[in-house]
2 protein chains.
Amino acid sequence: MAVNLPRGFRAGAVRAGIKPSGKPDLALLASGLPASWAYAATQNRAAAPSIHRGRALYAQGGPLRAVVVNAGNANCATGERGFRDDFLMAELAARRLGLPLEEVLTASTGVIGVPLPVEKIEASLPQIALTPTVEAFAEAILTTDLVVKVAEREVAGARIVGVAKGSGMIHPNMATMLAFLVTDAKVPQEALRASWRGVVDRTFNQVTVDGDTSTNDLALLMANGAYGEVPLGPFFEAVEEVARELARKIARDGEGATKLMTVRVQGAATEEEARRAARAVAASALWKSALYGNDPNWGRILAALGNSGARFDPLKVEIRLQGIPLYRGGALPFDRERASQAMRAEEVEVFADLGEGPFSAEAFGCDLTEGYVRINALYTT
Amino acid sequence: MAVNLPRGFRAGAVRAGIKPSGKPDLALLASGLPASWAYAATQNRAAAPSIHRGRALYAQGGPLRAVVVNAGNANCATGERGFRDDFLMAELAARRLGLPLEEVLTASTGVIGVPLPVEKIEASLPQIALTPTVEAFAEAILTTDLVVKVAEREVAGARIVGVAKGSGMIHPNMATMLAFLVTDAKVPQEALRASWRGVVDRTFNQVTVDGDTSTNDLALLMANGAYGEVPLGPFFEAVEEVARELARKIARDGEGATKLMTVRVQGAATEEEARRAARAVAASALWKSALYGNDPNWGRILAALGNSGARFDPLKVEIRLQGIPLYRGGALPFDRERASQAMRAEEVEVFADLGEGPFSAEAFGCDLTEGYVRINALYTT
């Protein structure tokens, strides 16, 4: 299905020859109007030049008009040269669109430690045809993702469209999570920024495929106001729905994954503890392996909760898997075969009530499979 | 090779029928003299009754005379009953040895959520023959470990013997790390306790097999003084050597592991940051997969360092793998085939200099293999 961008946005992509596969790998997203924007980026100390530049633009506080993204090369750990190349990529996009340099954000994903082929970007950027649809952009930002990830919502006549790439790996390096949400709603930059951090914390930051955070992760929200004002409560709810849908698509498409895991934790003493507890379960290698093997091994869920740092008394905890109660202050009798059958699904839900307080959270993950190991080990040598 | 315990210690084991395999699974370690002791236990919120009891004994501050350990059942998440059963196991051992209850520590490892078969322990404990050798004890505490783990040192005539079990899993649950170090040196309890935390932080707490911390982990050091006083500096050095050797043996015998990884980090701003940085590399699923595939993928090492929370400037970082420089503020040219060949070893060393300060640390891990996934997934259903 073709998804149109909100009013005033256009996007496109081209084959620049950065991906060894020869697939489209250079993408542009632009707004006809200056957009307010919010941004969240990786905390990795080895963050790429594009992340450093994005943070600087964010701090300046001006509007944003465009994003240029390349896939196939993360332009990370490329020394001083990497900063110059990132600047050049921004400059080429700004020139192409006739925009001031500080209104163009850059993003890169792909191999680490290899200089960015700026000459390929220079040669290909002018060939990008900008259209009102999102597909070409959504495809070009992928690395080894298996599927394109797009989500959309409407709110009081305005539209929100989000696109993301997830945890694929490109030879010989790491996953990057990129997410771009654009809307034609008119939202002041302060309001956008005040809410975005929370949305990201509840969605993209609750995705875990293998516990490794990339050097290039970012999540962007742009509002160009082409439609006009909308009530902010419903607007941010819709934004969060788009972000959540993308987060789940990223988890489902994790490397080697055969199923999506949603962990819902309630009864935590604080929201942060709820989030940590949910993430700990979604990230546990032991539990992820059991999930793969359809083994209703609740002891691993309990142990992961116990490692999360969230406070609880094991005698008050309740654990359910696909709705089946497995543990309530102690092992419950349950039909192991039936529970295992219930795990043979595309989506598996883990529920835990910590019995400690009023806070809840979700996390999104996938199973750990031999495929994950093969993709990441038996592939370059 | 038979390893004798230090003077005044005896140990033994028996088949109590707790392990489904029928192997020895109930073990006793006892000192003829009251011993000073130090102890470190899991921080897991879902800690087993044996851990709660051990912490209480520790806080009382009295001497220790014996440890009773069962393998095959963790007696964890077994509700109120679990606390009673743990108490009963201690009582049975105290009666067998003619000791006060509060001088007997308990430890359990194995399946979670299944009541401890105390009647089997009651029937079998009297049959344990105590001998001056460590082998029977060392074997009985194992679960799916492939090898017995023993280490010993002599210091100024006194002896230190350590035994550990590592990250095997017993159906249907999780790994536990247990370590018991005993010495006939005479060391005041305060000195023992003051140093033990640091030793554990630098050794056992730097082992990572899959990032999951068990509900039953503990590390114990007992000094019965049967030999007499020794200089404390060399003594604690020797204790740390024993602990380090055991930690490395645990990592090497990680589930599915084909090789031992030692990560040495230097140049960190604080000791804690050095430890976190080293652990992050040893724990990275992406890097562990590359290690398995003999892929000298330094980008994953850099990204793991970046995720550790340790401060550094990527332009000042240096990374070496098996002594081969791969990165110094940027990618270095290196012979990829030669580096890959160098990784085809039983032991692989990762070295990173963060260029930020004077602190260094080690961490111990293993590769992530299809075997790990198989052991933990494709095994119960």
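Yeah, the Cβs are placed from backbone N, Cα and C, and that goes for glycine too.
Where the annotation comes from TrEMBL, it is an automatic prediction and has not been curated.
As given in TrEMBL:
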- B:THR176: active site, nucleophile (ACT_SITE)
- B:THR143, B:LYS165, B:THR176, B:GLU255, B:ASN376, B:THR381: substrate binding site (BINDING)
Item to complete: If we count other C-beta atoms within 10 Å, could you say which of the recorded positions B:THR143, B:THR176, B:ASN376 has the fewest?
Response: B:THR143
Response to the item:
Here the Cα-Cα span from B:THR143 (substrate binding site) to B:THR176 (active site, nucleophile), rounded to a whole number of angstrom, reaches 9
Item to complete: Check the Cα-Cα distances from the residue listed as 'active site, nucleophile' to the binding-site residues B:LYS165, B:GLU255, B:ASN376 and tell me which is shortest.
Response: B:LYS165
Worksheet item: Hey, which of our recorded positions B:THR143, B:LYS165, B:THR176, B:GLU255, B:ASN376 end up with a Cβ under 8 Å from chain A?
Response: B:ASN376
Practice prompt. Determine the minimum-neighbour residue: among B:LYS165, B:GLU255, listed as binding-site residues, which Cβ has the fewest other Cβ atoms within 10 angstroms?
Written response: B:GLU255
Response to the item:
What DSSP gives for B:ASN376 (substrate binding site), in three states, is helix
